[in-house]
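J.: Let me give you the structure first, and then I'll get to my questions.
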């Protein structure tokens, strides 16, 4: 049976105002069954229920953090598992969604990378995370105004499904998100970055997980990094900016004694010269078996100071949800074996 959420809103069944009613039930009201769509004719509801399913998930569990963040563990219909994170702030509500079960990038400091790759998520399994989190938090779906593709997986390796999900998220009759509030994070795939730049109708923001300015360190941190050199990644980032006019964000996880040397801050500043960019320095979040430690606060500040003195727009991003295993780099800590197990 087809998952209704996989469809673009323009492809939804029914016609005219009945289609608009259906879209409102799904994306505005956030109902989970066709039977609850009481202003649709009974026959239409029965027909929909015979052709489509609304729920991508078999089970949903939550782990709540003291800071208000919530990790959602989703069991998909095939038994695989993946996670999303809800992060409430005073001025906004943000959701971090996954695009894959596991991840093939294998970043050494990231728990998701240690899982390996399970499979790509469908558009509906991506969008469904937003609807499920909204429901779990007692929110209307459109109250989640900020979204980052920064959960499990490499979005640019699940390109078509991620782009379809983004178009659903932005569609005015679906979730109606602002493109300025949606960010896609990639480990740095030049072909995918250039392809994203050509998506004229999207306009979502780009973040690149760089983590080192030199090849030797980056390949130690990201074992698959040898496939694309830093020079190739930076060239693609510059092309992206030339085409879109948008700022590029660079994510930099601070690993003690690995990528936090001041000479590396100097090299990073050199790499970014002439590019309108922002650098997020992220203290590494611990997980069992990682083999890495976060840089000290003093070293992070010193690294920051070098970048700032060189004119780099830089900030230190304090991760939320550490105590719930929901912070950056911690996703997949709960039952990773089940998450990447064989399909039922």
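A Cβ is built for glycine as well, from the same backbone N, Cα and C atoms used for every other residue.
Quick caveat, the model's predicted, so the values are computed rather than measured.
Found this in Swiss-Prot, in case it helps:
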ACT_SITE  83  active site, proton acceptor
DOMAIN    89-323  domain 'Radical SAM core'
DISULFID  96-328  disulfide bond
BINDING   103, 107, 110  [4Fe-4S] cluster binding site
BINDING   153, 154, 185, 209, 210, 211, 285  S-adenosyl-L-methionine binding site
ACT_SITE  328  active site, S-methylcysteine intermediate
J.: Considering only the recorded positions 96, 103, 107, 110, which fall within 10 Å of residue 153 (S-adenosyl-L-methionine binding site) when distances are taken between Cα atoms?
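T.: Candidates kept after distance check: 103.
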J.: Would you kindly give the Cα-Cα distance separating residue 96 (disulfide bond) and residue 154 (S-adenosyl-L-methionine binding site), rounded to the nearest Å?
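T.: Taking the Cα atoms only, residue 154 (S-adenosyl-L-methionine binding site) lies 13 Å from residue 96 (disulfide bond).
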J.: Just counting, how many other CB atoms are there within 10 A of the CB of residue 211 (S-adenosyl-L-methionine binding site)?
T.: 27
J.: Could you state the whole-number distance in Å separating the C-alpha atoms of residue 185 (S-adenosyl-L-methionine binding site) and residue 110 ([4Fe-4S] cluster binding site)?
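T.: The Cα atom of residue 185 (S-adenosyl-L-methionine binding site) is 14 Å away from the Cα atom of residue 110 ([4Fe-4S] cluster binding site).
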J.: For residue 96 (disulfide bond), what is the secondary structure state per DSSP, taken as helix, strand or coil?
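T.: Assignment for residue 96 (disulfide bond) reads strand.
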J.: Tell me the Cα distance separating residue 211 (S-adenosyl-L-methionine binding site) from residue 107 ([4Fe-4S] cluster binding site), rounded to the nearest angstrom.
T.: 10
J.: With every protein chain in view, what's the tally of Cβ atoms within 10 Å of the Cβ of residue 83 (active site, proton acceptor), excluding that atom itself?
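T.: Residue 83 (active site, proton acceptor): 26 neighbouring Cβ atoms within 10 Å.
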J.: For residue 185 (S-adenosyl-L-methionine binding site), which of the three DSSP-derived states applies: helix, strand, or coil?
T.: strand
J.: Of all the binding-site residues given, 185, 209, which residue's CB has the most CB neighbours within 10 A?
T.: 209
J.: Quick one: which of these recorded positions, 83, 96, 209, 285, have their CA within 10 A of residue 103 ([4Fe-4S] cluster binding site)?
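T.: For residue 103 ([4Fe-4S] cluster binding site), the recorded positions whose Cα atoms are within 10 Å come to none.
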J.: Using C-alpha atoms only, work out the spacing between residue 210 (S-adenosyl-L-methionine binding site) and residue 83 (active site, proton acceptor) and round it to an integer in Å.
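T.: That separation, Cα to Cα, works out to 23 Å.
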J.: Looking only at 103, 107, 110, 210, the binding-site residues on record, which one has the least crowded Cβ, with the fewest other Cβ atoms within 10 Å?
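T.: Counting other Cβ atoms within 10 Å of each of the binding-site residues 103, 107, 110, 210 gives the minimum at 107.
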